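As structure tokens, the structure follows; a few thoughts come after it.
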Amino acid sequence: MIKIGAHMKISKGFTKVPPDTANIGGNTFQIFTSSPRVWKVNPPKENDVEGFKNAMTEFNINFEDVLVHSSYLINLASPKDDIREKSITAMIEEIKATDQLGILHYNFHPGSHLGEGEEFGINKILEGLDIIFKEVQNTKVTILLENVAQKGSNIGYSMEQLGRIINKSPWKERLGITYDTCHGFDSNYDIRKKEEVQRLLDEIDKYIGLNKLKMIHLNDSKYDVGAAKDRHEFIGKGYIGREGFKTFLSFDEISKLPLILETPGDDPEHSQDIKVVKEIFKELGKL
């Protein structure tokens, strides 16, 4: 069974997300818990939580298959103490909101060291995660590190880097990863080629463990492999292309996972992208 959906707006309330997902042909989704551009996190209201959970059941969406994405402001690797402190506080509140909604996975970008060096950044991420987990250890939420584009001082563009963070953490059992196809393509994982998809899976298995690969951000790229631009494109319309995604999704280790679109546009465009992905699954004999 295909698990496919998109990043959905919460502006109409959490309760509307499951029906809106079904309307575009999806059965999974990603949301923010609050505005991603401010530090303040507003916890969901009790009636919103109840309505959301009822809608999830009504539209047969599995809580394990959906994802909360962190605020854009968060940077656990920052050399600035105030930014790290704000990031830690925001993540704690967002994870508590995730747990309230019954969602089991929370996704964040590891961060940028801003010139202080990779080792500095990784140590700060580990310190931050330790503080966060001590505050949210009674929740059921797994924190997923997302691979990022290999640009600037970003941390987490390679599976080896993500593995170093996860394996050094005392909270390893509560950590996993989301793989973003555009970010990976930016970082020279050329998933248009079978041998490159196999290399990716081998690296995940070696450095992290394939069991920790929980979600896929399915995005085409406006730029060619290794460009490090982080510009998402509609499925099949970018440099990865329809055939590239067919190669990528031919691997059962990937096609069995929830596939979340972060492509441009809104519900109509996401509906079209979902149709394209379903067509690819049919061509592969998986639907």
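Using N, Cα and C of the backbone, Cβ positions are placed for all residues, glycine too.
According to Swiss-Prot, D180, H217, E262 bind Zn(2+) 2; the candidate from E146, E160, E243, E283 that the record adds to this site is E146. For the Zn(2+) 3 site that Swiss-Prot gives as D230, H232, the extra residue drawn from H183, H270 is H183. When the binding-site residues H69, H109, D230 are screened for a C-alpha within 10 angstroms of the C-alpha of H217 (Zn(2+) 2 binding site), no residue qualifies. Just so you know, of the binding-site residues E146, D180, E262, the Cβ with the fewest other Cβ atoms around it within 10 Å is the one at E262. Neighbour counts were taken at the CB atom with a 10 A radius for the binding-site residues H69, H109, H183, H232; the maximum falls on H183.
In sequence order, S70, N107, F108, L144, L145, V148, T178, D180 are the same-chain residues whose CB sits within 8 A of the CB centroid of H69, H109, E146, the residues recorded for Zn(2+) 1 being left out. Counting in whole angstrom, D180 (Zn(2+) 2 binding site) lies 13 from H69 (Zn(2+) 1 binding site) by their C-alpha atoms.
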